[in-house]
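**Q** One structure, as structure tokens, below. Some questions next.
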Amino acid sequence: MDCYRTSPSNSWIYTTVILCIFGFFSMMRPSEPFLIPYLSGPDKNLTSEEMTNEIFPVWTYSYLVLLLPVLVLTDYVRYKPVIILQGISFIITWLLLLFGQGVKTMQVVEFFYGMVTATEVAYYAYIYSVVSPEHYQRVSGYCRSVTLVAYTAGSVLAQLLVSLANLSYFYLNVISLASVSVAFLFSLFLPMPKKSMFFHAKPSREIKKSSSVNPVLEETHEGEAPDCEKQKPTSEIPSTSGKLHKGQLNSLKPRNVTVEVFVQWFQDLKECYSSKRLFYWSLWWAFATAGFNQILNYVQILWDYKSPSQDSSIYNGAVEATATFGGAVAAFAVGYVKVNWDLLGELALAVFSVVNAGSLFLMHYTANIWACYAGYLIFKSSYMLLITIAVFQIAVNLSVERYALVFGINTFIALVIQTIITVIVVDQRGLNLPISIQFLVYGSYFAVIAGIFLMRSMYIIYSTKSQKDVQSPAPSENPDMSHPEEESNAIMSTKL
């Protein structure tokens with residue numbers, strides 16, 4: 001049982017390898033692209049209405065209810081127990097998928113899958129407690145890349161087994177169960193961290209900027225920095241008063257430390273969201289992520305509606321693999337694009353939100369399954385491109401701790417929005433719309449997002465132009481004279 005508490009090695013390489021193996025097998029789930037054909041087929045005999053209006057909404061509700069408690073618990077218990085909990089939830093989910101029957105059982109499946117997605121935060125946060133700051137960027141890149149590779153590999157494997165070997169969907173779920181079981185076993189061998197970002201932080205440690213957190217964050221943003229970056233890092237919460245020394249900190253009751261943590265969280269979030277740039281990028285993140293998750297949750301039902309799996313060959317695995325790969329390429333390519341994001345960022349959000357809306361309208365109006373697949377490819381790739389930019393714009397001037405806070409709150413707000421959409425559009429207690437009409441609503445939703453950010457971008461461009469006109473030197477002045485104030489107001493382009 002020592003594997004729960006100790007590690008055979010303190011090397012960051014050992015930790016990274018174990019974590020990446022866990023990430024690979026937890027995401028290598030070939031059954032996912034064919035979940036709807038499996039549930040609607042002879043194994044489960046569920047109707048489209050039951051899946052859409054009764055079963056799938058449970059995932060959204062459970063994810064929302066579990067997210068905030070899990071975020072707090074993850075830091076308090078120092079990550080590893082939550083990663084193990086995720087592995088257990090994976091196993092329960094697929095055992096119920098394989099051997100459970102009926103709507104109620106599938107609702108329980110969705111609850112445990114909500115637990116899986118809520119505990120996913122531990123996988124990404126774990127590395128910052130066991131890996132030294134100079135390795136943050138590299139390890140973060142490994143952990144994120146391996147999940148994309150695993151999901152793509154699982155989708156390709158599923159398509160090959162279904163199309164060439166005519167394998168039953170049931171056995172795809174058996175393979176997924178075996179994969180997540182391997183992930184659970186490897187989670188037991190992760191080293192137990194001695195510290196965490198907040199509740200078990202070391203007051204004296206140096207805080208690295210989040211430019212070393214994400215592999216796309218390579219340079220410091222040269223525009224206006226939000227005020228929150230100038231404040232004391234959240235990891236120093238127990239000593240924020242300036243009067244608590246180490247000995248006094250150890251004598252504090254846990255309840256008092258917890259109160260200090262929550263108070264500091266509130267102050268940090270208030271300061272961070274006071275930055276207009278961070279606020280608007282976070283606003284797009286929340287609304288777009290809510291819509292994106294909703295599409296992922298219901299797109300297979302739309303495909304089955306356009307081309308029933310019992311009557312025709314389906315290529316869900318190939319489409320998911322292509323979409324994931326295309327999104328990864330788009331996210332990688334944006335790191336080499338020089339754009340003045342301060343000036344044109346909101347315009348980019350508006351333009352690509354129009355693209356998202358158009359792709360969803362295409363998926364609604366077309367009767368051709370291949371056009372529907374194409375719309376999904378465009379939608380997923382453009383979202384992954386934009387979310388990469390949004391992560392950079394939000395995180396570039398924040399400490400690791402404050403980025404984690406903003407990320408958690410943005411995700412929670414996205415879930416609140418998604419829950420509202422689900423209750424109104426999907427749930428049988430709401431409008432209970434058929435799946436095709438739902439995608440018309442989702443397309444309109446992204447069109448509204450595009451309109452909001454188009455107006456915002458035009459305001460920024462007009463304000464910047466007016467400011468430059470006011471600051472322009474008079475014609476009679478010496479053109480060789482330098483103007484420090486003009487240089488300080490120039491907005492530099494940023495290379496991601």
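Here the Cβ of each residue, glycine as well, is placed from N, Cα and C on the backbone.
Quick paste of what Swiss-Prot says about this protein:
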type	residues	note
TOPO_DOM	1-7	topological domain 'Cytoplasmic'
TRANSMEM	8-28	transmembrane segment
TOPO_DOM	29-53	topological domain 'Extracellular'
CARBOHYD	N45	N-linked glycosylation site
TRANSMEM	54-74	transmembrane segment
TOPO_DOM	75-81	topological domain 'Cytoplasmic'
TRANSMEM	82-102	transmembrane segment
TOPO_DOM	103-110	topological domain 'Extracellular'
TRANSMEM	111-131	transmembrane segment
TOPO_DOM	132-144	topological domain 'Cytoplasmic'
TRANSMEM	145-165	transmembrane segment
CARBOHYD	N166	N-linked glycosylation site
TOPO_DOM	166-169	topological domain 'Extracellular'
TRANSMEM	170-190	transmembrane segment
TOPO_DOM	191-282	topological domain 'Cytoplasmic'
REGION	210-248	region 'Disordered'
COMPBIAS	218-233	compositional bias 'Basic and acidic residues'
COMPBIAS	234-248	compositional bias 'Polar residues'
TRANSMEM	283-303	transmembrane segment
TOPO_DOM	304-316	topological domain 'Extracellular'
TRANSMEM	317-337	transmembrane segment
TOPO_DOM	338-342	topological domain 'Cytoplasmic'
TRANSMEM	343-363	transmembrane segment
TOPO_DOM	364-375	topological domain 'Extracellular'
TRANSMEM	376-396	transmembrane segment
TOPO_DOM	397-405	topological domain 'Cytoplasmic'
TRANSMEM	406-426	transmembrane segment
TOPO_DOM	427-434	topological domain 'Extracellular'
TRANSMEM	435-455	transmembrane segment
TOPO_DOM	456-496	topological domain 'Cytoplasmic'
REGION	469-496	region 'Disordered'
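Are these features on the surface or tucked inside, and what touches them?
**A** The topological domain 'Cytoplasmic' (1-7) scores a mean pLDDT of 44 in the predicted structure.
Residue counts for the topological domain 'Extracellular' (29-53) under DSSP (helix as H, G, I; strand as E, B; rest coil) come to 15 helix, 0 strand, 10 coil.
A simple way to gauge crowding: the CB of N45 (N-linked glycosylation site) has 11 other CB atoms within 10 angstroms, across all the protein chains here.
Residues 39, 46, 82, 103, 106-107, 109-111, 113-115, 117-119, 121-122, 125, 293, 297-298, 301, 408, 411-412, 415-416, 418-419, 422-423, 426-428 of the same chain lie 6 or more positions beyond the ends of the transmembrane segment (54-74) yet place their CB under 8 Å from a CB of it.
Helix first, then strand, then coil: DSSP counts for the topological domain 'Cytoplasmic' (75-81) stand at 4 helix, 0 strand, 3 coil.
Counting residues 6+ beyond its ends, the transmembrane segment (82-102) has Cβ neighbours under 8 Å at 4, 22, 26, 31, 38, 44, 70, 73-74, 108-109, 112-113, 115-116, 119-123, 126, 170, 173-174, 176-177, 180-181, 183-184, 187-188, 190 in the same chain.
Taking H, G and I as helix, E and B as strand and the rest as coil, DSSP gives the topological domain 'Extracellular' (103-110) the counts 8 helix, 0 strand, 0 coil.
Below 8 angstroms of C-beta separation, residues 12, 15-16, 19, 22-23, 26, 58-63, 65-67, 70-71, 74-75, 78-80, 82-83, 85-86, 89-90, 92-93, 96, 139-140, 143-144, 190-191, 193-197, 213, 400, 404, 408 of the same chain, each at least six residues beyond the ends of the transmembrane segment (111-131), sit close to that stretch.
Long-range Cβ contacts of the transmembrane segment (145-165) within its own chain (Cβ-Cβ under 8 Å, at least 6 residues beyond either end) map to 20, 23-34, 171-172, 175-176, 179, 313-318, 320-321, 324-325, 328.
Counting only residues at least six positions away in the same chain, no Cβ atom sits under 8 Å from the Cβ of N166 (N-linked glycosylation site).
Beyond the topological domain 'Extracellular' (166-169), the same-chain residues lying 6 or more positions past its ends with a Cβ under 8 Å from any Cβ of the stretch are 31, 34, 37-38, 41, 43.
Here the transmembrane segment (170-190) has Cβ contacts under 8 Å with residues 3-4, 7-8, 15, 18-19, 21-26, 28-32, 34, 38, 43, 80, 83-84, 86-88, 90-91, 93-95, 97-98, 126, 154, 157-158, 161-162 of the same chain, all six or more residues outside its ends.
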**Q** With Cβ distances under 8 Å as the criterion, find the stretch in 8-28, 283-303, 376-396, 435-455 that has the most pairs with the transmembrane segment (317-337).
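**A** If we count Cβ pairs closer than 8 Å to the transmembrane segment (317-337), 376-396 scores highest.
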**Q** Please determine whether the transmembrane segment (343-363) and the transmembrane segment (406-426) are in contact (criterion: at least three Cβ-Cβ distances under 8 Å, sequence separation 6 or more).
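**A** The transmembrane segment (406-426) and the transmembrane segment (343-363): touching, no.
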**Q** Counting by DSSP, what is the helix, strand and coil composition of the topological domain 'Extracellular' (364-375)?
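**A** Helix, strand and coil residues of the topological domain 'Extracellular' (364-375) number 9 helix, 0 strand, 3 coil.
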**Q** Under 8 Å between C-beta atoms and at least six residues away from its ends: which parts of the chain pack against the topological domain 'Extracellular' (103-110)?
**A** 39, 44, 46, 50-51, 54-56, 58-59, 62, 93, 96-97
